[in-house]
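Features of the protein shown, as given by TrEMBL:
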type	residues	note
TRANSMEM	26-47	transmembrane segment
DOMAIN	26-439	domain 'Major facilitator superfamily (MFS) profile'
TRANSMEM	67-87	transmembrane segment
TRANSMEM	99-117	transmembrane segment
TRANSMEM	129-152	transmembrane segment
TRANSMEM	164-187	transmembrane segment
TRANSMEM	199-220	transmembrane segment
TRANSMEM	255-278	transmembrane segment
TRANSMEM	290-312	transmembrane segment
TRANSMEM	319-339	transmembrane segment
TRANSMEM	345-364	transmembrane segment
TRANSMEM	385-407	transmembrane segment
TRANSMEM	413-434	transmembrane segment
Amino acid sequence: MTTLSQPSSAPETESDPERRKRLRTVVAASLLGTTVEWYDFFLYATAASLVFNQLFFPDQSSFVGTMLAFATFAVGFVVRPIGGVVFGHIGDRIGRKKTLALTMFIMGIATALMGVLPTHEQVGIVAPILLLLLRILQGFALGGEWAGAVLLAVEHSPEKKRGLFGSIPQVGLALGLALGTGVFAALQVIFDEEQFLSYGWRIAFLLSLVLVGVGFVVRLKVDETPAFREVQELAKKSAAPLVDVFRPGVRRSTVLGLLSRWGEGAAFNTWGVFAIAYATKDLDFEKVPVLLVVTVAALVMAGLLPLSGVLVDRYGAKRIYIIGISAYGLAVFPAFGLFGTNDLMWFAVAMVVVFGIVHALFYGAQGTLYASLYPAEIRYTGLSVVYQFSGIYASGITPMILTALIAAGGGSPWIACAYLVGTAAVSVVATALIRKQDLRL
């Protein structure tokens, strides 16, 4: 396996206006695409917290129904590594652009079909089975999305702005979450509870068709990345990218990347997913204010992520990631302490500070850090392996783990907090062990 020299970010004959236009298209394609796909994915998370336990698992207790709804949410993370391997291989063999168009198409169809699913009351056990199958399709598509979007941005970026460009896909994720919770909040205001459970929630899923159409058109306009073009020109494509990701010399980077992401993955689904169920069920807050708090926190994060990218360009992705994840670990117990006041204002303060501000610091560094672990010919697969395989234990099962730990603690969140701090500690140590020679970008 050959490590490629880093290609220039644009052809030598490209004029400044052409370069600026190309970079604007790249930013739009990366941002819009990730926003749409993560809207689809986290829309399910919001629905799992508020709707699916009632419509698809109605015969269970509130606790069991919520756990089953979160279990189907987790399935999306379990299947994501399969999508990551498949689309990573395609992306390293035929290119980033075509692969990203395919993932968006699959995700949009799966999400829209969720909007027309019959409920358990209408077709019985068939309803949750169909829901599960569509969630599997969602997870499969998303498995190839994040890595491709990061590479689309980073491999097109000017050398001194890789951190900034690498933060763009993360902005899309935050906007996707904000859009999903915001749309749900708006629909709950427009419709009463009966109307919302009957048909109102479906509108959010059908809206995906419009968003996917816009994102798909923009992605078709973007050029293939310079790094992949060089792989083609030098005929250095990897025959088996997945195998090469675990070869000596690269395997260490893969293992450290998988451990490094644990804290961030657990954090995102704690504040972006679990907190909704916890606030509405355990703290008895109204749904709409909670959704609005999460939406505001996600928007704050989206606004601060580019600043994290700028800091990465100045101080390095590794350093910023360690500082951010350390700050998060220190903030977990105080945040849940504020939750325990049962005051919506303090809940909002905790969410905005921990999720909106602190999370943005290390989340913005993540794409550039992990993309740097691999040479161009296996970068799509390597990035997918780190992000998607870690998603199983770091992200997907986190709401279930926290729900179970709080139940085991008799309603107290402190055992769950200790778990979250532990994941942050693992991330700090693993990231600190990444050496300068492990970084290839």
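Cβ atoms are placed via backbone N, Cα and C, with glycine included.
Since we're looking at a predicted model, the values are computed, not measured.
Contact counts against the transmembrane segment (290-312), taken as Cβ pairs under 8 Å, peak for 345-364 among the stretches 67-87, 129-152, 255-278, 345-364, 413-434. Note: the stretches the transmembrane segment (255-278) and the transmembrane segment (199-220) are not in contact (fewer than 3 CB pairs below 8 A, sequence gap of 6 or more). When each of the listed stretches 129-152, 319-339, 413-434 is scored by C-beta pairs under 8 angstroms to the transmembrane segment (26-47), 129-152 comes out highest.
Here the transmembrane segment (129-152) lies next to the transmembrane segment (67-87) in space: the count of CB pairs under 8 Å, restricted to residues six or more apart, reaches at least 3. Under the criterion of 3 or more C-beta pairs below 8 Å, with sequence separation of 6 or more, the transmembrane segment (413-434) and the transmembrane segment (319-339) qualify as touching. A contact between the transmembrane segment (319-339) and the transmembrane segment (199-220) is absent, since fewer than 3 of their C-beta pairs, 6 or more residues apart, lie under 8 Å. Same-chain residues lying 6+ beyond the ends of the transmembrane segment (99-117) with a Cβ under 8 Å from its Cβ atoms: 29, 33, 36-37, 40-41, 43-44, 83, 87, 90-91, 127, 130-131, 134-135, 137-138, 140-145, 148-149, 152, 202-206, 208-209, 211-213, 215-216, 219-220, 380.
Remote same-chain residues near the transmembrane segment (345-364) are listed as 163, 166-167, 170, 174, 264, 267-268, 271-272, 275, 279, 283, 285, 290, 293-294, 296-301, 304-309, 311-312, 320-325, 327-328, 331-332, 334-336, 338-339 (criterion: CB distance under 8 Å, separation of at least six residues from the stretch ends).
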